[in-house]
């Protein structure tokens, strides 16, 4: 039926054959397009792609020329919003809808895209440019404050690069190494039982045979798409086309999955970006509205629209506040999920299967499966490492 095409994908559901990246003609996510491509294949017609060389094709896919209009329109819209406060309210309210409309119009059929990552980095650079060229010459910001904002930006970019190194993909070698380690443990246990009596726990069970709470029933499963064995809490990402260890979610803003290997750096990137943004916004408002309280300056700043430069900076402060507010909400949900030892993927599965409980006004879903208390949950999060036996992603795969 027609409504089934609009149904959002659910975790680990089998995908249609037209979503497979290995099929050279089925590059679209609509089965009608696949039928057309299959008819061309039967008639022995070449593909519609204008790039015959795979090198030029890869360069065209990575350049994403359709991003240029969006990057040019953003400063123009902000300047239009700075003409009057009513225009500012209208443009800033419609801006998220315009961005989503342009994304679906130009990037709907792409799996991985640099649209949101490029837009975020461009916005960050543009805000910093206005801060240096418009706010700093006013003389209200000290050198130490400028160094703090600059250090926050650099730290955000460095942390983002570290996050982009890879989420920890599941490979076939990971299960082989796990099997070998289990066999080694069994052999060492048999040797110890044959020579030295194992110390018994208060319940009478040998200490070697006891398993933690999360290990009970935690078995490796076979991915129906990758056809490889994956550890508990791993999940398959349709966008990346691979299974990820302790998959949390696929973040469109960094064009990468968030998993066991980069979850800590992702949280660090969010924290540094939000703190830097809030600090920069406070400096801008204190410079533009020195007689107003910081909490009220964003809503009432008389005389700010008398000059085009101050009006543009005030509008950009509102724009940055909207972005920082959205990321602050994401940061809060991430902290709550870590406190309950649940990933975003597990929360969605629990809501779908009605096996979890919503807590804190729906900000977090408590599954109760892996939680061992607030302190132990954070210790596990801060000490988890990438268990993948494969080599890590190189720095050339930052996009």
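Note that Cβ sites are derived from N, Cα and C of the backbone, with glycine treated the same way.
All annotation found in TrEMBL is predicted automatically rather than curated by experts.
If one looks beyond the transmembrane segment (82-102) by at least 6 residues along the same chain, the residues whose Cβ comes under 8 Å of a Cβ in the stretch are 69-70, 119, 305, 308, 311-312, 314-315, 318-319, 322. TrEMBL lists 82-102 (among others) with the feature transmembrane segment.
Listed by sequence, the residues of this chain that lie at least six past the ends of the transmembrane segment (114-131) yet keep a Cβ under 8 A from its Cβ atoms are 62, 64, 67, 70-71, 74-75, 99, 103, 106-107, 149-150, 153, 156, 252-255, 280, 283-284, 312-313, 316, 319-320, 323, 399. Feature annotation from TrEMBL assigns transmembrane segment to 114-131 (among others).
Remote same-chain residues near the transmembrane segment (143-161) are listed as 124, 128, 131-132, 136, 254, 265, 268-269, 272-273, 275-276, 279-280, 283, 395, 398 (criterion: CB distance under 8 Å, separation of at least six residues from the stretch ends). Positions annotated as transmembrane segment by TrEMBL: 143-161 (among others).
If you look up TrEMBL, you'll see 180-213 marked as region 'Disordered'.
What TrEMBL records for 189-204 is compositional bias 'Polar residues'.
Among the features that TrEMBL reports, domain 'Palmitoyltransferase DHHC' is placed at 222-347.
Within the chain carrying the transmembrane segment (266-288), a Cβ under 8 angstroms from the stretch's Cβ atoms is held by residues 127, 131, 135, 138, 140-141, 145, 148-149, 152-153, 155-156, 159-160, 163, 251, 254, 258, 294, 297-298, 301, 304, 310, 313-314, 316-317, 320-321, 323-324, 327-328, 330-331, 334-335, 338, all 6 or more beyond its ends. For 266-288 (among others), the entry in TrEMBL reads transmembrane segment.
Tertiary proximity for the transmembrane segment (308-332) is limited to same-chain residues at least six positions away from its ends with a CB under 8 Å from its CB atoms, namely 78-79, 81-83, 88, 92, 95-96, 123, 126-127, 130, 134-135, 267, 270-271, 273-274, 277-278, 280-281, 284-285, 288, 298, 301, 363. TrEMBL lists 308-332 (among others) with the feature transmembrane segment.
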